[in-house]
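These notes concern the structure reproduced below.
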Amino acid sequence: MNIHEYQAKAVLREFGIPTPRGIAAFSVEDAVKAARELASPVTVVKAQIHAGGRGKAGGVKVVKSIEAVESEAKRLLGSTLVTHQTGPRGKEVHRLYIEEGSAIDKEFYLSALVDRGTGRVSFVVSTEGGMDIEQVAKDTPEKIVSFSIDPATGVMPHHGRRIAQALQLKGDLAKQAEALVAKLYQAFLAKDMSMLEVNPLVVTKDGKLICLDAKISFEGNSLYRHPDVVALRDLTEEDEKEIEASKHDLSYVALDGNIGCMVNGAGLAMATMDIIKLYGEEPANFLDVGGGASKERVTEAFKIITADPNVKGILINIFGGIMRCDVLAEGVIAAVKEVGLKVPLVVRLEGTNVERGKQIIAESGLDVVSADDLDDAAQKIVKAVRGNA
Ligand code: GDP
Ligand code: MN
């Protein structure tokens, strides 16, 4: 789960991590009031959307008067920001963050994330702040320093020195860097974050190390123990179909392609997406209906897939282990009867009660293409989608 920058900064402040003063604003009046309250000679008006790259897209404005805060707030609220992270459709701005301006001396990059390879939290730092870190990694990988924290010891003084050295910080700034990494690690663990990115981390002209931007993702499976984090959720930033899916315990991720997939088991779902790509098309979603899905869940899953206007064909790929193929077949037929079927549907069933499942579909009179294996299924749906295009 992701949150906005202003919320992320509030979380960091709980741990004593330095950030500029700021106030969230939901209207132009709010923004003006916030700027008056901050009473800072330089104010930054920042669009709050769940995507980075706002600066380059005009979503971050450094201004010097209340009038300018007002006009930037008017311009941004309700507008659609298209950044390199939003996709071409962009994201509509409903919230702003009004922040006191900082006089920047240097901009750095810092992030912490779960390194699944080592099972530890890793820090990534670079002198190349404010830039696209993927680009830095590609062009000048030597400018990226990364190390992981042993959970048994936590952050040690040498980690702080490592960061100070990587960022070429000396004296008091090196001390600030050491304190910062310890607090960031503490916050990361306490809140069950999966990713924490500070880009840029800056040194101000008066010698302070502060987090000028903050992006936090939380581990979804740990949200049950963080009601305070759940309260920060902004549903307008999330895909409606994903929200609906989560209500029915379906693992669903919306993607950009045009073949809707309904699969049981995450591994099989990944393999199904891969094979669709292998035959030259793109999946419209990842959807795992789970091992023991009921008829109702299958119906809900089918509704979510067909609600996506990009879906030009559907591939159902079920390996009946705990899930029985006949239950799946009944669910599909119930769903088709309820929502209708306007696109080609290919079904590949294997496993428990497969004969009964195939029979139910054959006798339903529905226009369903039956497939024998994964390869056959992928080729059939790709062909059907192309014939329909
Ligand atoms: P992003 O583009 O979505 O990552 O938004 P950021 O919060 O990182 O802001 C983009 C850029 O705006 C930063 O890299 C800074 O260069 C600039 N910026 C943000 N806040 C300030 C500020 O207080 N003072 C100055 N001078 N520049 C700022
Ligand atoms: Mn940034």
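Positions of Cβ are set from backbone N, Cα and C atoms, glycine also.
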Listed in TrEMBL for the substrate site shared with GLY321, ILE322, MET323, one of ASN264, ASN285, ASN310, ASN353: ASN264
Neighbourhood of ligand 2 - binding-site residues from ASP213, GLY321, MET323 with Cβ under 6 Å: ASP213
Chain-mates of ASN264, GLY321, ILE322, MET323 with C-beta within 8 Å of site centroid, substrate: GLY265, GLY290, GLY291, GLY292, ALA293, ILE318, PHE319, GLY320, ARG324, GLY351, THR352
Close-lying binding-site residues around ligand 1 among ARG54, GLY55, SER102, ASN264, GLY321, MET323, where CB distance stays under 6 Å: ARG54, GLY55, SER102
Candidates LYS46, ARG54: member of the binding-site residues with the richest Cβ shell (10 Å): LYS46
